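The structure appears right after this line, and notes come after that.
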Amino acid sequence: MQQIQDQRKKKVLVSCFKQIGRCTVSCILVLLTQFALTLVPHFFPASSLLVQLTLSVVVLVFVLGLGRWCRRIVGVYASAPALVFFNLIFIWAVYIFIVRQAIPYFISIVFNIEVTLLILGVCSILSSDPGLVTHGSSDANKLIETKAFGVEAHNEGSALLKRVRYCKSCKAYIKGFDHHCPAFGNCIGQNNYVLFMILLAGFLTTEASYIVCSSQFSRGSQILGGTWFETDLAGSLVVSTMLFSLLQVIWQGVFFTWHLYCICFNIRTDEWINWKKYPEFQFVIQSQPGESFTRVMFKNPYDNGYLQNVKEFLSVNG
């Protein structure tokens with residue numbers, strides 16, 4: 001008995017040290033990435049926004065590739081949620097210590113509230129239940145596994161189980177499974193889809209607010225369009241974090257638009273990608289006389305019109 005307890009304690013300690021190591025690697029990678037991005041406005045201060053954005057993408061790809069190579073050597077990998085958290089904290093720190101001095105008091109309060117709510121939201125979705133179907137439950141006993149692209153489906157005998165899928169990342173059945181989100185370290189399913197959309201909107205709003213604030217600071221300090229010698233570390237940090245936030249807004253805006261489309265048409269990301277593996281999405285067209293093949297086309301049996309789909313999303317996922 002004592003030996004079993006010692007083994008459990010050892011496993012807990014190993015897990016804790018592993019998480020600490022991953023968080024440390026994530027913190028170092030964020031600092032390396034953010035300070036590497038300062039090279040763009042420092043050496044190319046007079047370049048256009050498009051050129052600086054392009055160079056920022058090149059720097060990000062290079063640093064992340066270098067970081068991945070180094071992590072393979074060290075054997076400790078970064079944590080995606082930790083990367084999100086530390087990037088958010090870094091940008092907040094730049095705002096508090098540099099940008100805030102040029103921003104009106106009321107706007108500064110609003111921005112700080114936005115960041116605080118965003119951090120609370122990230123912590124909430126990390127521990128949220130996406131709609132887990134636990135082993136031994138009546139729902140779990142009715143499921144029939146069908147291997148497909150790393151995702152498994154179920155029978156349609158129960159209305160409650162219509163959209164339960166299996167996530168191999170979490171090794172669990174999830175009601176209303178949309179996708180596994182590495183950035184939040186959790187599946188996105190029936191129970192946390194609304195929170196996920198609120199967080200996406202929160203990130204877009206907060207990043208857009210920072211872009212406006214940092215632009216105002218840069219214009220007031222005459223950083224944008226300055227010379228190589230006029231752009232100090234503080235100014236480079238403001239511009240580089242603004243470029244980073246702009247890149248985030250671009251891809252997150254596309255991602256947010258995609259999920260709005262999914263909500264309006266009552267379709268999940270997993271179902272859209274793997275529809276050929278789910279019989280309810282297949283519409284078989286029989287071959288014509290003289291033809292030796294049949295065609296399978298996509299159909300969405302859950303699409304009940306925009307308004308009804310949105311209403312169902314809010315009622316089921318809320």
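Just so it is clear, glycine is given a Cβ too, placed from its N, Cα and C backbone atoms.
Straight from TrEMBL, the features:
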- 20-43: transmembrane segment (TRANSMEM)
- 49-67: transmembrane segment (TRANSMEM)
- 74-99: transmembrane segment (TRANSMEM)
- 105-126: transmembrane segment (TRANSMEM)
- 162-276: domain 'Palmitoyltransferase DHHC' (DOMAIN)
- 193-217: transmembrane segment (TRANSMEM)
- 237-258: transmembrane segment (TRANSMEM)
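If you look at the transmembrane segment (20-43), the same-chain residues 6 or more away from its ends with a CB under 8 A from one of its CBs are 52, 55-56, 59-60, 62-64, 67, 71, 74, 76-79, 82-83, 86-87, 90, 223, 228, 231, 233, 235-237, 239-241, 243-244. Panel annotation: around the transmembrane segment (49-67), residues 29, 32-33, 36-37, 39-41, 78, 239-240, 243-244, 246-247 of the same chain, lying at least six beyond its termini, place a Cβ under 8 Å from a Cβ of the stretch.
Listed stretches 74-99, 193-217, 237-258 were compared with the transmembrane segment (105-126); the greatest number of C-beta pairs under 8 angstroms is found for 193-217. When pLDDT values are averaged over the domain 'Palmitoyltransferase DHHC' (162-276), the model yields 88. Helix first, then strand, then coil: DSSP counts for the domain 'Palmitoyltransferase DHHC' (162-276) stand at 68 helix, 14 strand, 33 coil.
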